[in-house]
Structure formats: C-alpha cells, structure tokens
C-alpha cells in the first residue's frame, strides 16, 4: 500500500502499475485553498531506470511542477521540473495522469484515488492557465518598457513636480480664502454704514487676493518651466536611446556581413570547392552547387559512419518516456561504433542498375506525374497567384525576440506563405510512391530502406521554401483526398494550442501513416532553429511491420543580412516495431560546412537487422536524390567493421518545381493544389480560413486584419474556458479539458504512451455532411 496526501487530507490506495510496484509511504502534505491552485504532497512517480513507481514529493508553484525525493531536498536538490505554460496534461485512468512538455520531459504520476487525482489535475490546469496569462502579460510589459526612462531619474523628476504641484494647491487655497473674504467685504460695503473703515478692509482684502494671485501665477510658471525642462531632457534621452539602438543594429548587421564575407572566402578556398561564391552579399554561395548529381560515385558512395550502440532507445515508448527520470540517474549509453562502407566500382554495374542510377523517373511510373494519372477525376490548378512585392525586413520585426519561442510571437503575414502548418505537413506525402514500393517489399530491411528514403524526401522542399506557414487555430482541420490520382487521403487537426500540436492520419495503397507534430523554435540572432518533438509512424498491414521516427533539426540562416537559406542536420533513428521489432536505421544529416570534402546536404546511413548486422546502405542528399544498396560482404574487426555493398539503385529522385516558382513562394505543383478551394469540406478546414485566403489573393493588408481578428477570437474562447475551469474548481467539481473532434487521446498499442489516435469518423461525417461537432473558429 502507498499513502498519498494532498489538499490537507489523507487517503490510501493500491499502487498497482505497469509493472506492479509498491512502496511503504507515510507522511503529510499541505495544499492551499481552492482559490490558490498551488499544491504540494506525496505522489507516486514512474522512474524508468527502476522500472516502477517511487514515492516523490511534488510541489506546484508559480506555474512550475517540481519533484524531490523527500521534503528535506527542497532546500538543495530538485530532481526534475516541468513548466506548465506549454504542458500537456492527460488522465490515464482513475488514479494515473501524465504531464508532458511535448516530448523532452514527461512525468507519469499516480495518486491514491480518483478524488486526489482529480484535485491535482484541476490544480495543474488552473496553474497552466495562470502561467499562460502571466507569460502574455510579461511579453506585453517587455514591449512597453523598451524605451522607458531609468527609474531613479524618473523618481527625482516626479518628486520635484510633486512639490511644485503642492505649491499650486496651496496658492489655490489662499486665493479661495482671500477671494471669499473680499467678496464679503464688498457685500458689507453696500450697506453704506462706516464707509471709511469698510473701505480700508476692502483694500486689505484686495491686496491679499492680489498677492495670492501673483503667487499662483509664479507657481504655475515654475511648474511649467520644470515640466518643459524635464520634457526636453526626456526627449533628448529618448532620442539618445533610439540613436544607440540604431547604432547597435547597424553594428550587428555589419558584423553579419563581415561574417558572411568570411564564410564566402572560406568556401572559395576550401578543398575541392566546386565553384566560387558570388561577391553579391545577397547571394549565398551554396546556390552555386550542382543540383541533382548522382551520389553513386566511387568517392561519395564509400564513407565512414558512427553508429550509437545504446539499446535503451528501443524501449523509449514502453511504459513511459525515459526522459522523465533522467534527473534521477538514468543516463543513456553514448558509446558509438565506427563502420566503413565500401562500394564496388560502378563500372561493373549491369545495364539495369545503370538505368536505375541515372533515371530521373519516380519509382512507380503510373504515379510519378501527379496530374497525368489515368484516374484523375478533376482538373487541379498548377500554380497560385504571384506573390505581391511587399518589401519588409525580417530582422526589423524579430530583433527584439532573441531567445524566444517564435510560435508565441505574432508575426505579420508578410513572412508567411499561404498555407497552414496542417497543409505543410501534408506535403510529406508528395513522394508517396516510395511507400507504395515499400509495401511490396517482403524483406523488412529492404522495406525500411525505402521508408528511410521516404522520410528524407519530405525535406526536399525546404531548400528554397523560407516562408513561414500559418499557425493553425485550435480545432482547425485539413483534409486532402487524393485517392483518385495519388492513392492516398489524410486528415489533420490542431489538437492543442499550448503547446501547439497537430495530429495527422493518412492511408494509402497498402500502408497507413500517422504522427503527432509539435516543435520548439528559437531565434538565436543570425539564425532560427526549429526542433521537432513529435513522433511519426508508418505501418504496412499486410506484414504488420511498423516503423517510427522523429524529424531532425531545421535551421534558417541569414536572418539579419543576406539571402535566407535552410539547412537540415542531426541524427535520425528509424526503428521497427511489432513484426519488424529489432530492425532499425541510423541516419546522419550532415550540417552544412565550408571545410568538408563531403557533398553538401548529404545524408548517409545504414539499415540493421534485429541482430544489429548492417544489411542496407543509404546514401544521397536531402534536396536531390537518395540511393540504396545491399551489403554483400563484411570484413574487418567487430569494433570497426567494413561493409562492402552491391550496386546502388535510386530509391527517390526529386521532381523539380517549375522554373518560375520563385514568383509564387517556390511552391511545387502539389503545394499549389493544397489550398485550392474544394466543396463539402469541414467548416474548420484551412482552405476556409479567411486571412490565409486573402493572402493568397494578394490582399495582405486585409489579411493582417483578419489574422488579428482570428487570434483575438481564439484568445476570447480560451479565457471563457479558463473562467469555466476556475468556477468548476471553486465548486469542487471536475472540468473536462479540451477534446479534439476527429482524434482521441488513447494509449498507443503495446505501450502506455498517450497519443492522439484518429477516430475514423471524419470521412463518414463528410459523406453525410454532418459537421455538428465542428467548432466555430473562423
């Protein structure tokens, strides 16, 4: 038995969990009243390194949930924290709930009974709402305080003006007093009796009134002079601060230009540089690279790769997220194994392989051309209206946002592209024919090689797409039904606003794919970095093979000066589950470098079977082509093996967009069709979003106005829910959190991880045109 005490009371209950665990616990806890949601008390927390629930002391304060081994540790050692302003709070069962910040930190917590669990969940939801409000108010204060006068100087001026104002009040009182006395003397003068004496009194009263009036005039002059002097001084101070700010901005831009010139010079003199950089500071040298060249040369197809040998990541979705207990001593194994991949001379390739390597055709010819399939049921557009010429400096907008999460910064549509993030996620399936090919593979390792090529193909449009997608509103959806020509259809929904999270489900020919997409983004000065946090999955029902991965980091460079360019870099691990358990692929996206002999934007990796033996090799670039080759023999030592491969064959080859696509946001043909108006879609569909439609039509001023209206409408809905939650807490009753319409929070098959699972009701609702459950968000 385990005791959990919260809200100033005590209770006990079974502490069964996966796997069963028990711990004797005793002690007390205190909590604030319901009007103050901060709490503290003993709860059971799952610790991955011990594979069981352990008693921990939790403290909820100022929008942060912290835990300790015991109460004594509160003064010196915190074992872990989660900031609630962007946290997801899930109820698992009557006693268990989960708190996650989107992927990097997750706490699985068990209370003694349902009442205590609900008390904690309610307190956490209220604390989250308060944290969001505080964050927004702090950002507003930062904006208004940017040009304020130093507090010490301001206090001196205020004190001096206060003294002057008191003098004015004193003079006013004297004028009132002597004026009344003068009026009484004049009234008495009218009686005609004792005129000399009364005349003397009137003269005295008039003299006092004149003196008080002169004092009043002098005090007003002093006050005005002081205010004018200080006002002029403030104006000079403000102008000085503005000049200093402009000077610093110019210095930063100059440093950025110098840095860019140094980079270009380094590129011109690096070994094996293919071309020299342009002297134009607005032209980035990477644009001078060759496009579409085959990587299957003797030099590029042989490479060295370091593979992590840790095994705990295979179980990162078993029971609980390991990151939740990293502070308690669970450190992953960071050891790596270095492998060498060597390829036979390509001159020995047979004719079939030679055609495969040099072909520019897609894997499935009948699907390679999106708009010429024999099954096309409608004519779709091939482009969108040209982008208007609205010059605006990105640096001028976000230079005060260094270090902040860009998803929380309101941005004008001038930096957007007329697509929402839900539509941008749908572009992942532009090369769905690779999954069609993978579905035909019998061998799990070969199948994973094609799945790997598919994951890489989703980055092909990022090389020249620097526009920011619209942030979806909570409850916004997007459907894309291309079964008539491409053989797949998908549904997306924005399921959370803090943190922003989208859920997606797609089904195609012999496969189905789903993902939860959330990310963190930071502006670091010269570049913006986007780090995806959610996981994506693909499953092939015919074999039961499932594969899971998380996307790599994307960085947008040259924010301050120069032409924007994008790089994708980092390690990606794709691992098999269910029937493919044990099969895995390790990929490395090489960061752009000025001193490397490697092909820029290169991706290399290996596919391993359940015995960790390399079976396939992946090689190519994420913006052009991916080739795969089977391993034919292994030599070398166990610590440093050498893998010899057969001939490479093309798994993916990019279809280049139109030559004039720069005029319309560098969209591909599929991207142009995503926002095409379509009848009978849900009223929450991104194609019906007015600000996005106005932007596509070139009416950017009207689009900015609509964007502000929609954002304020969303904030108003959130405030209403917060007020209802606070009212429910005050009355001691639970308040249900926001629930998506087309997705449901459930345990993922085979794990205790809570994910958003597609309900499967969307297409039936569309057939019936029953949108009664859709919220009014536009």
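Even glycines carry a Cβ here, placed using N, Cα and C.
Which of 310-335, 336-361, 362-387, 388-413 counts as region 'Disordered' depends on TrEMBL, and there it is 310-335. Between the stretches 259-281, 282-304, 420-442, TrEMBL puts its region 'Disordered' entry on 259-281. Of the listed segments 8-34, 35-61, TrEMBL assigns region 'Disordered' to 8-34. Nonlocal intrachain contacts for the compositional bias 'Basic and acidic residues' (686-730), taken as residues 6+ away from its ends with a CB within less than 8 angstroms of a stretch CB, comprise 34-35, 37, 122-123, 125-126, 129, 132-133, 384-386, 388, 390, 410, 412-414, 416, 418-420, 422-423, 470, 472-474, 476-478, 497, 675-678, 738, 777-778. DSSP states for the compositional bias 'Basic and acidic residues' (686-730), grouped as helix (H, G, I), strand (E, B) and coil, give 41 helix, 0 strand, 4 coil. Mean model confidence of the domain 'PH' (36-129) amounts to 84 (pLDDT, 0 to 100 scale).
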